[in-house]
Every structure is written in structure tokens, then in C-alpha cells.
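One structure is given here, and the rest of the page talks about it.
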């Protein structure tokens, strides 16, 4: 097992990280303790942090059960945490031994699933040993064609076989499939990037030697030095203006040898677990051909203004290496795109006379007020995300005053007195997670904590279970984020958002409350999503729900409707459950 690059400074509390990386200082303390909470922690460490991390070791590698677990593993059962997973900072280097020489109290698995083993298998060119769900090459172009007009997919779930053949399921290899074009260069903008895992996919796609630009949010020692090992890779850490802000966007650009390109907007980080047993969403653009050399400056724009909004977003990074791609986007034909680009960028933002509100929930509200068909006030606003921020003392504080106030908008004439629609929030319950494909570890992608939850007890009455039996994903915990309004009575969807943005002020923004100045929306994070509005996608006022309507395919919701509210004894899953 590879030693954690952060050593004694490791602050992580993610069980996946402790399943792959060893920590000499923790191993020493754990070995001397009784394995059930009684430890002698040296004064130089943060007692609270170390206690939390030791509780994770107790759960992952219980002392009393080590012998049984080893026997079970030898007989072929699955180890509790695959050594091949990571929290986004793993590498393709050796992980056979513990370089620190610390005690080895961890159960052995019969099959070496370390990154070294993967590298050896990769060299043997056995893709099925490296990637769990492998589909025949060459079929992605037809799959994308059949996914029109929405072009929205969910990732295939390793332990849910029906998803492997579902028409709207997708793998990373399919996104890189040669049937979509001959890739000459790519950009990956993401929060967590396991570069060894990603380059393994590039290897099997036959594009390992092609230029790759990575913009990443979560610190990774491997990415700091990757260009020395792989000169074709340029990795840039996105610096944030405030300590708690996050570069959370998940987006790809694929450049093809014929001069065309493609945009992919996703909810998945670029590491193994996010593409394994978690429900993720992706939107894939049509192929965007190069414009003629003499094309007008404003040529090739979509009806939704996607190209302009995307370029304005990329400029906000102030990263020179993006300039060639901004130029390429400017010279590409985006007219086939039928969705709106929806971004968040850090800073304070005010409404302008030209674009209206540029970012965050105010931008979504601005678009809805222009283009969404009139919606009855009784139709709820449905939110769904993999984490929940600090939302205030009551539902009015931010949810109603800011967020739902934007999401309730439509193109109804101004002046009519409107009611505040009901707010519903889909978030996995403890029961949802414990019954998932990965058991309690399925909650590793749900970082909502007890401290925050205790401050907003009002939220529980708005919570809905995660159920996705129609898409074979009820046991695949959702890392997807989506927002919508639909009417079950007439089987209609009014609009839908797929985004990287969780339900939080940091992601969507919060208006200042100073009435003496023009309202300013404060946003902390970089986020990206797409807005599906029926008038631009199908030419109608609503999308069909459940069944096709007059030749228009039903909108592919990621979860079951009607929703299932929490029962009185249900509780939301909290990350603290993984920490004892």
C-alpha cells in the first residue's frame, strides 16, 4: 500500500483514501491501541482529527476480524475497499509495499488491485482488467445519435448489469471512442483528478500521446510533477480567491483532427470510484465543426448563446493555456447546440443591461423568466445533489428568498401576484446508503455532515428518498446534481438543469441584503451545468414525462417519480456515520 504523500499532515476523512494510502503515524498509534477507540495520541497531533482517522481504520481494518476477513478474501470474496480506488490524489506508481516500514495490520486481498498491478495489466493491454465495464468500440456515434434531442446520459454502474446495455448509459471509454472523431488534443477541467487512472483510459483509447491540458481543483502531488514524466500533459492547479472556495466544475473539450470539437459537461470527478457504482450525469454536445476562415465574428452561435457564455466563463480563469481553446471555440460552429450554458464563477456579480445576471442562480432565474413556459405556482421545485450546504435557520433564509425565488420564474406577464412553490430535496437516507451496492462506503460521495445538519432541522420535512429503479440505479448512490419542475398530472417537464453545483450558497450564490446598493450575488465556486428548455430542444412548451408524446422522446429523468418522502424514522445520510 502506497504511503500518503501528505504524511503526518494528512487531513483527509474519506474512507476511500484510507483504503488506498497508508499513514505511518496512524499505523503506529493504531497498532499500540486496542482497536476500539482507546489510543495514546501524541500531543503534537490534533486529537480530534487523529481520532476521526483512527475510527476509519477501525471500520476498514478491524483487528478482531482480520483473520476472518483474510480467509474470506482468499476464498474469493470482495475486499471491503478496493485498493485501486482513491480520493483523487493517487498515482500510477508502485504501491506494493509500505515505504515507511510501519506495521502491517491490514488484511491481505488475494488479487492485487493496486495501481502498480494496473500498470502491469495495462502494459499487457488487457482492458477488462483495468476497466470494469467495457463495451465494443465504434458504437458511440450511433448511441449519441439515438440519444437526441437531449444527449444526456448516466454513467454505467459496475454492479448493475442492466445499465451496461441501457441506451442512455455511458462509459468514459465511449466518450473517447474513435467513432465520435479522431482526437488530436483534449482539455479536462475537474475538481479531483487521478492522473494515473485517467491516462490509463487515454492509453486504451489510443490517445496517450496527444496533448492534454488539465485544470484541477483538489491538490494533487502527482499532478504537480506529471509534465516531467508525461511532457504531453500540462496540469494547472486552479487557485481560488478564498480558503473555502472550490474549483468544482467538471467539463471536457475534445479536439478532433478535422478541426471540429466537442464539449462534455459532467458531474463525475476523474477517478475510479466516481465511474464505478455512483450515479453520474453527462451531457455531450453534437460535433462542432470549424467555421470557414472568412466567417463573421458572431457566426456559429447557437440560439441559446452557448458559445458566448462558454467563452466568457473560460476567460474568468485567467489562465493563458486556455487561450488557444478559447480561440478554437470562437472559430467553431456551435449552432447545433440546443441547451443553455449555466456557470458560476467566484466573486460578486451584478445584473447588467446586456446579459442580465451573468452567473449562478440569478442567471438561471433570468433565463427562466425569458424562456420558460408559464408554470402554476403549485408545481414544486425539485432539487437533488450529493451534498448540502449551510442553508440558514429556516427555509425562508436562503432557499425561498434567494434560490427558489430564482427557480420559480417563468415567462408569465409581470404584475401577477405569485405564490412561493413547494421546495423538495432528493438526498439519500441512511437506509438508501446502507442498502447500496457498496454498503455504507457508498456514502463516500455524500459529504453532508452532522454539524451542518443539526443547524437546519427544518430541512427534514422537505427531504425525499433516492430511488431510481426505472434506471436500475436505486443502489447506486447519486453524485449527480439536478434541478427541475415537472407536473405529474399532465406528464410534463417544464425545464431541467444538470450541473456540478450542489445545493449551497457557495455553488449558486447568495444576494447581499444591503438595500442601499444594487443587489450583488456573491459566489465562491467555479461550477458548470446545462439548462434544458423545451422551446429550444423540442420546439414545445414542455418535455414529455414517462412516455413519448407525438414522436418526442420522454425526458430521461435520473430518478423515479412520484418521489418518496422520508418516513418519520428516516434520517439523511451523514458523512459522520463513516467516522463512527
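Every residue gets a Cβ built from N, Cα and C, even glycine.
All TrEMBL annotations are machine predictions without curation.
Annotation comment: TrEMBL describes 65-115 as region 'Disordered'.
Taken from TrEMBL, the feature compositional bias 'Low complexity' applies to 84-105.
Annotation comment: TrEMBL describes 250, 481 as substrate binding site.
The active site, proton donor/acceptor annotation in TrEMBL covers 479. In the shown protein chains, 25 other C-beta atoms lie within 10 A of the C-beta of residue 479 (active site, proton donor/acceptor).
The site 'Interaction with DNA' annotation in TrEMBL covers 504. Around the Cβ of residue 504 (site 'Interaction with DNA'), 23 further Cβ atoms fall within 10 Å across all displayed protein chains.
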What is the total of other Cβ atoms whose distance to the Cβ of residue 481 (substrate binding site) is within 10 Å? 26
Other CB atoms, at most 10 A from the CB of residue 250 (substrate binding site): 28
Provide, as an integer number of angstrom, the distance between the C-alpha atoms of residue 479 (active site, proton donor/acceptor) and residue 504 (site 'Interaction with DNA'). 15
